[in-house]
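Q: The structure's right below; bear with me while I get my questions together.
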C-alpha cells in the first residue's frame with residue numbers, strides 16, 4: 001500500500017510577511033502612520049506654493065485667523081465664520097509666532113512656515129493617539145470588567161449554590177494585540193483620514209476625545225468619563241448623542257460584574273421592579289448620577305468661562321448658529337438643494353415672501369430620534385461600541401450639513417465594529433459597501449465640480465439625485481450596522 005508524504009507547508013508570500021511584520025510590533029505600524037502624515041504635510045506645502053488649488057483647508061485659515069485675534073487680546077469671533085470653541089483658537093496660538101530678527105531671510109521663512117503648520121501637526125498627531133486608543137479598546141474587549149467586578153467574582157461563585165446570585169459577568173475576550181493593530185491600521189493608514197488632518201481639519205482631536213471617552217466608560221472610570229463627555233460636547237456639539245447610550249449601558253449588573261437573578265430577567269425580577277418608584281430607584285444608580293453630574297458640571301463650567309470672556313458671540317457662533325445653519329457648499333446631504341434655495345431667499349427683496357416654516361429648522365428631528373433614542377435603546381446594552389458607531393453614522397447621514405470631515409466622526413469607531421461585522425465575515429458584501437460608498441461620493445463630487453468650477457447649474461437633477469443616491473447607500477449601510485449590533 002502506497003503511503004503519501006504530508007504536504008509541505010506553503011511558503012508565506014511577501015505581502016503576508018510584510019503585513020505580519022507591520023502588525024506584530026507597534027513600532028512599524030505607528031512609524032508608517034507617522035511617515036504617511038509627514039509626506040502629506042510636505043506635499044501640502046508644495047501644492048500651496050505652486051498650485052492655484054490649495055491643499056490647506058479653508059477652515060484652517062479660519063482657525064489661524066481666530067488665533068491671531070486672540071494673540072492680540074481680541075475675541076476669536078472677530079474672525080467671521082469662526083464657529084468653534086475658543087479653546088481651539090487657544091491651542092493654535094503657536095501658529096501666530098514668527099521668527100526673530102536674528103534669523104536670516106531664508107531661515108525666517110522656514111521657521112514661519114513651520115509655526116504656521118503647527119495646527120496641522122497637532123491634528124495629525126491626534127490621529128496617531130486616536131489610533132493607539134483604538135488598539136487599546138480592541139485589546140480590552142467591549143465589556144472589560146472593573147477591578148471591583150473581578151473581586152466580586154469569587155463571592156459570586158461561593159454563593160452560587162444558594163441561588164441568590166447568578167453567574168458572574170465575564171469580560172468579552174479581548175483581541176490579540178497584533179490583530180488589534182491590524183484593525184487600528186484601518187484608521188492609522190487611511191489616506192482619507194491622514195489627508196483631512198494634514199489639510200488642517202480639527203476632527204482628529206474629536207477622534208481622541210471620543211475614543212478616550214469610550215475607553216474610560218468600558219474601564220469603569222466614571223468620573224473621567226464624565227469629564228471627557230462634558231469637554232467633548234463643549235468642544236463639538238455632536239458627542240452629546242453618546243450620553244443616552246452610555247447611561248443605558250451603565251446598569252448595576254454590568255458595573256458590579258454580577259447578573260441579578262439566575263434567570264436574567266425572569267418573573268421574580270419583574271415583580272420586584274413592577275412599581276415606577278422601584279424602577280426609577282434601580283435606574284438612578286450612583287454611577288449614572290456621577291456621570292451626569294461630572295459631565296454637566298464640566299460642560300456648564302467651560303461654557304460659563306467662555307461666556308464671561310467673550311459674551312453672546314460665543315453662544316451664537318458655537319451653538320445657536322447650528323440650529324438654523326443653511327450652509328449648502330460642499331454638502332453631501334439631500335437637504336443641499338433646499339438649503340441653497342433658502343440661502344438665496346435670505347435677502348431684503350425676498351424677506352416679505354419668506355415662508356415661516358423652514359425645513360432646515362426641523363431637519364434635526366429624524367437624526368435626533370434615531371441617534372439619541374431608537375439606536376441607543378436597541379443596541380447600547382448589547383454592544384456599546386457598535387451603538388456609538390450606528391448613532392454617529394445616523395447623525396451624519398441625516399444631518400442637514402454633511403461634509404467629508406464629518407465622515408471621520410464615525411470612521412474612528414469603525415475598527416471597533418468591523419471584527420464582528422457582516423462586512424468583514426462576507427468580504428464580497430464589504431467590498432460592495434465600500435465601492436458604493438466611494439462611488440456615491442464620486443458621483444456627487446463630479447456634479448459639484450461642474451457646478452463650482454465649470455459654472456454649470458447642476459442642482460437639479462444632477463446634484464440632488466447624487467445626494468439622494470449617497471443617502472440611500474448610507475441608509476443601507478446603517479441598517480446592516482444596526483442589524484449586526486442587535487444580534
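Even glycines carry a Cβ here, placed using N, Cα and C.
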Q: Which of these ranges is annotated transmembrane segment in Swiss-Prot: 3-23, 66-86, 87-107?
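A: Of 3-23, 66-86, 87-107, Swiss-Prot gives transmembrane segment for 87-107.
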Q: From the ranges 184-204, 205-225, 268-288, grab the one Swiss-Prot calls transmembrane segment.
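A: So the range that Swiss-Prot calls transmembrane segment is 205-225.
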Q: Okay, the transmembrane segment (359-379) and the transmembrane segment (289-309): do they have at least three CB pairs under 8 Å, pairs separated by 6 or more?
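A: Between the transmembrane segment (359-379) and the transmembrane segment (289-309), which are separate recorded stretches, there is no contact, as judged by 3 or more close Cβ pairs.
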Q: At least three Cβ pairs under 8 Å linking the transmembrane segment (205-225) and the transmembrane segment (429-449), pairs spaced 6 or more in sequence?
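A: Output no: the transmembrane segment (205-225) is apart from the transmembrane segment (429-449).
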Q: Within the same chain, where does the transmembrane segment (87-107) have neighbours whose Cβ lies under 8 angstroms from its own Cβ atoms, ignoring anything closer than 6 residues to its ends? I mean 6 or more beyond.
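A: Apart from its flanks, the transmembrane segment (87-107) reaches 63-64, 66-71, 76, 115-119, 122, 202, 205, 234-235, 302.
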Q: Could you give the residue numbers and ranges of same-chain residues that sit at least 6 residues beyond the transmembrane segment (26-46) on either side and whose C-beta is under 8 angstroms from one of its C-beta atoms?
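A: Answer is 55-56, 113, 117, 120-121, 124, 127-128, 131-132, 135, 181, 184-185, 188-189, 191, 194-195, 197-199.
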Q: What else in the chain is close to the transmembrane segment (359-379), if you only count residues 6 or more beyond its ends and a Cβ gap under 8 Å?
A: 240-241, 244-245, 248, 323-326, 335, 338-339, 342, 386-387, 390-392, 394-395, 397-400, 482, 485-486
Q: By a Cβ-Cβ criterion of under 8 Å, what residues six or more beyond either terminus of the transmembrane segment (429-449) are in contact with it?
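A: Distal contacts: 330, 332, 404, 421-423, 458, 462-463, 466-467, 469-470, 473-474, 476-477, 480.
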